[in-house]
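Shown next, in structure tokens, is the structure this report addresses.
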Protein chains: 4
Amino acid sequence: MFAPEKDVQSYIHFGLYALQHRGQESAGISISDGSDIKTKKKMGLVSEVFQGDTLENLSGYNAIGHVRYSTEGDSSVTNAQPLTITCKLGKISIVHNGNLKNAKGLRKRLEEEGTIFQTTTDSEILAHLLAKSSYNNIIDGLKEVASMMKGGYTFLLMTTDRLIAFRDAHGFRPLSLGKVDGGYVLSSETCAFDTIGAEYVRDISPGEMVVIDKQGITSTTLLEPKDPSLCIFEYIYFARPDSNLIGKNVHLVRKELGKELAKESNITADIVSGVPDSSLSAASGVAEALNLPYEMGLIKNRYIGRTFIKPNQEMRELGVQVKLNPVNATVFGKRIILVDDSIVRGTTITNIIKTLRDAGAKEVHILISSPPVKFPCYYGIDTSSCGELIASKLNVEEIRTEIGADSLQFLSIQGMVRAVERVPGLNENTGYCLACFNGEYPVTEED
Amino acid sequence: MFAPEKDVQSYIHFGLYALQHRGQESAGISISDGSDIKTKKKMGLVSEVFQGDTLENLSGYNAIGHVRYSTEGDSSVTNAQPLTITCKLGKISIVHNGNLKNAKGLRKRLEEEGTIFQTTTDSEILAHLLAKSSYNNIIDGLKEVASMMKGGYTFLLMTTDRLIAFRDAHGFRPLSLGKVDGGYVLSSETCAFDTIGAEYVRDISPGEMVVIDKQGITSTTLLEPKDPSLCIFEYIYFARPDSNLIGKNVHLVRKELGKELAKESNITADIVSGVPDSSLSAASGVAEALNLPYEMGLIKNRYIGRTFIKPNQEMRELGVQVKLNPVNATVFGKRIILVDDSIVRGTTITNIIKTLRDAGAKEVHILISSPPVKFPCYYGIDTSSCGELIASKLNVEEIRTEIGADSLQFLSIQGMVRAVERVPGLNENTGYCLACFNGEYPVTEED
Amino acid sequence: MFAPEKDVQSYIHFGLYALQHRGQESAGISISDGSDIKTKKKMGLVSEVFQGDTLENLSGYNAIGHVRYSTEGDSSVTNAQPLTITCKLGKISIVHNGNLKNAKGLRKRLEEEGTIFQTTTDSEILAHLLAKSSYNNIIDGLKEVASMMKGGYTFLLMTTDRLIAFRDAHGFRPLSLGKVDGGYVLSSETCAFDTIGAEYVRDISPGEMVVIDKQGITSTTLLEPKDPSLCIFEYIYFARPDSNLIGKNVHLVRKELGKELAKESNITADIVSGVPDSSLSAASGVAEALNLPYEMGLIKNRYIGRTFIKPNQEMRELGVQVKLNPVNATVFGKRIILVDDSIVRGTTITNIIKTLRDAGAKEVHILISSPPVKFPCYYGIDTSSCGELIASKLNVEEIRTEIGADSLQFLSIQGMVRAVERVPGLNENTGYCLACFNGEYPVTEED
Amino acid sequence: MFAPEKDVQSYIHFGLYALQHRGQESAGISISDGSDIKTKKKMGLVSEVFQGDTLENLSGYNAIGHVRYSTEGDSSVTNAQPLTITCKLGKISIVHNGNLKNAKGLRKRLEEEGTIFQTTTDSEILAHLLAKSSYNNIIDGLKEVASMMKGGYTFLLMTTDRLIAFRDAHGFRPLSLGKVDGGYVLSSETCAFDTIGAEYVRDISPGEMVVIDKQGITSTTLLEPKDPSLCIFEYIYFARPDSNLIGKNVHLVRKELGKELAKESNITADIVSGVPDSSLSAASGVAEALNLPYEMGLIKNRYIGRTFIKPNQEMRELGVQVKLNPVNATVFGKRIILVDDSIVRGTTITNIIKTLRDAGAKEVHILISSPPVKFPCYYGIDTSSCGELIASKLNVEEIRTEIGADSLQFLSIQGMVRAVERVPGLNENTGYCLACFNGEYPVTEED
């Protein structure tokens, strides 16, 4: 966020609350008053990282913030963002969303050239590339090195007096531009704009770079745009329901996914429920289309913190389940249609089905508001969770048996795209990355 | 919880997670291994109070736990429960839910008799009464003093080797009995039983006392039962949707309240939404009855902790709102029916209506799934929040103007009772306390 | 502290730093602005309890503070002081130093009368006695109940607008009065006066009560003074070297103890060292009297916090010792006189002697600047540590063998008293409690 | 520390306690079990950084640790050590003590070559140099780059299975080698060896590199040794009294400094005192040489933590002083010789003199056990504190007036060296760096 007449610290802080669902492992803010960049980052939720006096010492008109997704391997403050470095281009802070597909190759090459790595983040790769560019200004440097980075990503960089953002050539990961009084703000999701009272302006285009400073905003084509390929999983699972991506509202898309799913299905049941929270919109779409009662079949405990000590195996066998409880009265004796957004490994849904049966459900029919996830993602979704994709090993009937459902139906790829396209948006010719469903990856190593 | 063959610590701990919605200010556990009672309590959520090593030193087969509701005046660890005391009856730990109507009078009398108070809790009043009883055993002591305590309450007491529970003569506040392998568990809400794998047995009757020890469970009539008067607000707002009170499921009751509300109303609109989370069940009932789309019109931020630093007035005027955001795409250009469970002071709903209008709602019609709250509660609901009851000063049309709604409709008292009675339960002749709606208080000072 | 023109919060806070050596388990402050008393207390050092925002909400002109000594049994925040209660006399906060000898009997009697105890502190006993007195004002109440309390103690009480202090009839535990601009301050040790810039006025007399309010200070004889019996261990070990008790400086007394000890001894050695920190003054007195070099033979680690995880037995056997290290170069090949203030259980000195021998000391001669502690203390010193008094079981030669010293000499009782009396003071006819040395207890149960 | 048969975690942990006086800002440990290096570091004391579960996940046979000195500019966890990086040589952890004199030049050159910096530490400079060396193994790499680094430093590096240490060519900063059962340990001070039960072997020589792995220890000359120039300030102020540097004990050196100082002085006084803690050894030397009583004139509060909120100016004027108190009884009416180790800015000693006068001291004579510090240090002492050297602006008489002493005497340079040389050691031909006193810097930029 860049707004010369404001102290942007509170805006960034509240904006991170709005984006907290995108990452709960660590949070950080870099902020500049025009003369120096200060960075604070720590493990934990935004509410844990920025307490009382932590924010006191942060003020300025130019800032970036980040919440990090908890992946297995590298859970430490070292990898928390923003990454702030000093190099021949001065002091720079960097955050990113997404993944470099060729990160491994770039790291190897850089290491061979004598580079040291202190983190395992892609932001550090960009920092090295920039510092080694043949230019002595950051804009030209970015132009030189951007094409070396393959994959699906958005980057935000700040110097003491400039804010820079760019998006990969396919536009895999979302990035929107908003306006506040006297300045601009960039965010992965538009819900952050609503939270801080900013006005949505437009999405950053694939391959576009914007530079914001006291002179205003300028736009450049950093990378020749390729076929637009917005990650469709943002609609299905990642984004907050009140966000809009290329103008299409996430809740409305999910509801259409539910309606389309109902159309493709021919299940008879007594009630429809969704797995909270991400599947509730789709479930209400299914209920509406099938004209069945939409019920609260499961309830999620809102008070389970990051440090929650889970029940052990023995206690779970004795029926202890703290995170998700069935609403027995709703479920008992009923034929239930349970809507979930996706099946990745299949363990969660297996537990839920068992829970519902224990609570007396007569039949449990699973409707999934996306197609089977068969292929790993190279553009920003945690690949560790894609490592054991149940749908890459089993067919639908085998999955049904494995998870213990009375029936199981996935939305078709065509149905999914149809549903998304039905919702009005701003950029009707945008395509979607469907690689995790159909294996057609828009980016190749040689790309 | 009393279970001689188990270490009940984890069960109590997980059970408190399930009851966290009833109080977020402080949490505590008292536990006995048969020889001594240990008590741990602290300000904060269950997840904050019981971390790592805190639980290590707590183990035993007999325990009680508590989560405390945040009221303005006495927010300090001194008032956290359980209260553990030593007296001629030995070491006793006490927790309670609800309020003594005659607390002030009892405290005054006790102080005049030379008693000191270290807290402002009703548990301490019971402790003093017990210690001053003419008996040297706790059961006879309770029989002697129970009738001195007027109001709506449930108490749990434990000695090193006994667990005792009782409920006021009207049964204002809920209390249920569950069974675990080799033992028993008591809880204000049945959702705690589901969480820890306990089986629901029955509700404790108004005026009933149960005593659990290694010999088993015994039941006594401690107070002559009066007209049963379960607090109907438990259904409307307090309880978790998956809990059952006298066998009636809270979610189903709320849905019926919504349906009844729809019947009494004659609004035309495009969509129906509820204020998350407690009004979602009622809202889906309204939508179903009116055959209108049930939409997510508002979204609640799940990551706002206890220590959240709220936006200041200036920022709020600039549109900063972190807790509750409208789903613009759902709301824009729509005639919306917004369902809320109750109006107490009216400030929250006023903000929400403004928010929806700013998001482009064409019309905002407010349906409240309970009647106007006109009278303060003396039996356990925070009276400070009842101090400025908007409905005791203004009529419905005046409230509508005040909150800025296009229309406003409350559920009728008869409709509310009809809806609750429609849901199947276990004890069909139970009556309800409606005092906050109609001013008819079941308990008088002389009672 | 009472000072109507000041916010006394910082003074109390800094004063507690000066008294921290008297107790490291918990700390607390009660403060009143004339209308209400607020109390904050927590486990931990003053620096841990009062951080940033904790102090913000505490302000007023009347306050008491406390640091609690860590005893084994009851280490919990429940016992932290001040104790704040409400009774027929209003709101009262109480702290105390010392012990009631008849606490057990008083508790038993009070419990039989129907009293509950929430702590195991003597302050709570006084609170109950006061609340049960036949008077409705605190001064008359104190006069009535003071004589019921046997033992060695000082109490400070505050109401919203008065500060009251009294000392037992023998004056076992110290209590001094100081003056600040526009007000008064009371402290167990005068070092707190120096810390906050207060001027020492006088010691509170045995049996005296002072009452401070906006009208000034008044003095009353609360208890008929008995033979003055100041705990001589305050000089030997407890007090800070810069404090004066009845005008006698602690450092100077310790130095005289050392000189007296040197006189009674006839050891030849190369150097003199003291066990840090409490024995350094005595050691320098020994060195001076014997005209031997005063050397640093041991060094104490200053950074060992409350939560220090001690080396386990195996590591200790491998030579790991973090708290106290020998200065090898000083000790190697030397005949060393090591001065310690007292021997209670004998474990610490045994380890130290072994350490010095491992470091190459040729001879280790132990001089103790007090007589053998043979009898438990009932007036304020942790009796748990007196439970296993090595000198009550073994004679000096046996102790010498047990601890592994080349020689061992205790100061004689007469020598000790002589040394103390040699230092100039204010109240030359004061006697001392020598009960832990000679078993002559100034207070009896019937007293 | 490297010890294949041990879990070295506790040793490193306890060793850091022994070195805590060298830095209180942050602490960290890197440890390897042979397969991977784990690093934990945080702001705070050792006792704050390594609590309970933090140590649980650290175990291995090869480890390095660090405590960081609090300098003004860069107080953040980013600069905490060890620094752990990945490069073509694999994973490496680095700590250092001291300063590179040519750090600025090296950073500039490296930045121009396209390097990024994430910290402002010299360890990061070494990491970059190593990664860019023309060798693919760390030993040859070090040989290549060591000569690029000018200044006074010691470095410890570890890979997963090797521990490497080296010292600059002049040996400015100390580094000793110790032996434990089955392994070796390196430390800036020998007091850490005593703490963990290790046996002192020898000092690492100037310019020497040692490599420790499962095959044992090997020594190499990394840099051609120059004139040995141990920082004499280590004796005067930095080191713990029980440490030995090149075999000379710090306490004994300080005592000799005091004796020499007495010899050079001709003051008459009643008592001698030292400023605690670092000047106590010298003060006892002065007292002994002058045959005057050695008294405790000042007492230091041991409980002032890192987060201590200092009294504000107004309170200080009212006499509030928490850190250091005069022992009034010792000082009152006395002519006092106060010994301090050095005068840098002069503010502390000015306050102390005022304090002693307020406490009634008749005369205050200041003896400084080192010469006037006139020149900034480039080899490891915080240069920010050398920025405003009072002795570079004023002569002795002017300083005396400024600080308000009755007389002021510094030790002569010759006297200081004489005193140090008088104490027996291991390496009699070692010279000392006296640059801060005489401006003769052993290292030049071109060196």
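Placement of Cβ uses the backbone N, Cα and C atoms for every residue, glycine included.
Mg(2+) is bound by B:D340, B:D341 in TrEMBL, and the record lists one more residue there from B:S278, B:S281, B:S407, which is B:S278. The annotation in TrEMBL ties B:C231, B:C433, B:C436 to [4Fe-4S] cluster, and of the candidates under consideration, B:C87, B:C377, the one tied to the same site is B:C377.
Between B:C433 ([4Fe-4S] cluster binding site) and B:D341 (Mg(2+) binding site), the C-alpha separation comes to 17 Å.
Distance from the CA of B:C231 ([4Fe-4S] cluster binding site) to the CA of B:S278 (Mg(2+) binding site) is 17 Å. Other residues of the same chain near the Mg(2+) site, with their Cβ within 8 Å of the Cβ centroid of B:S278, B:D340, B:D341, are B:I236, B:Y237, B:G274, B:V275, B:S279, B:A282, B:V339, B:S342, B:I368, B:S369. Taking only the Cα positions, the spacing between B:C231 ([4Fe-4S] cluster binding site) and B:D340 (Mg(2+) binding site) is 19 angstrom.
Taking the Cα atom of each, B:C377 ([4Fe-4S] cluster binding site) and B:D341 (Mg(2+) binding site) are about 17 angstrom apart. Cβ contacts within 10 Å of B:C377 ([4Fe-4S] cluster binding site), excluding its own Cβ and spanning all protein chains shown: 21. Cα of B:D341 (Mg(2+) binding site) to Cα of B:C436 ([4Fe-4S] cluster binding site): a span of 14 Å. Across the fold, the C-alpha of B:D340 (Mg(2+) binding site) and the C-alpha of B:C436 ([4Fe-4S] cluster binding site) stand 17 Å from each other.
In this view, the densest Cβ surroundings among the binding-site residues B:D340, B:D341 belong to B:D341, judged by other Cβ atoms lying within 10 Å.
Neighbour density for B:C231 ([4Fe-4S] cluster binding site): within 10 A of its CB lie 26 other CB atoms from the protein chains shown. There are 26 other CB atoms within 10 A of the CB of B:C436 ([4Fe-4S] cluster binding site), with all protein chains counted. Neighbour count (other Cβ atoms within 10 Å of the Cβ, all protein chains): 28 for B:C433 ([4Fe-4S] cluster binding site).
Its own atom aside, the Cβ of B:S278 (Mg(2+) binding site) has 21 Cβ atoms within 10 angstroms in the protein chains shown.
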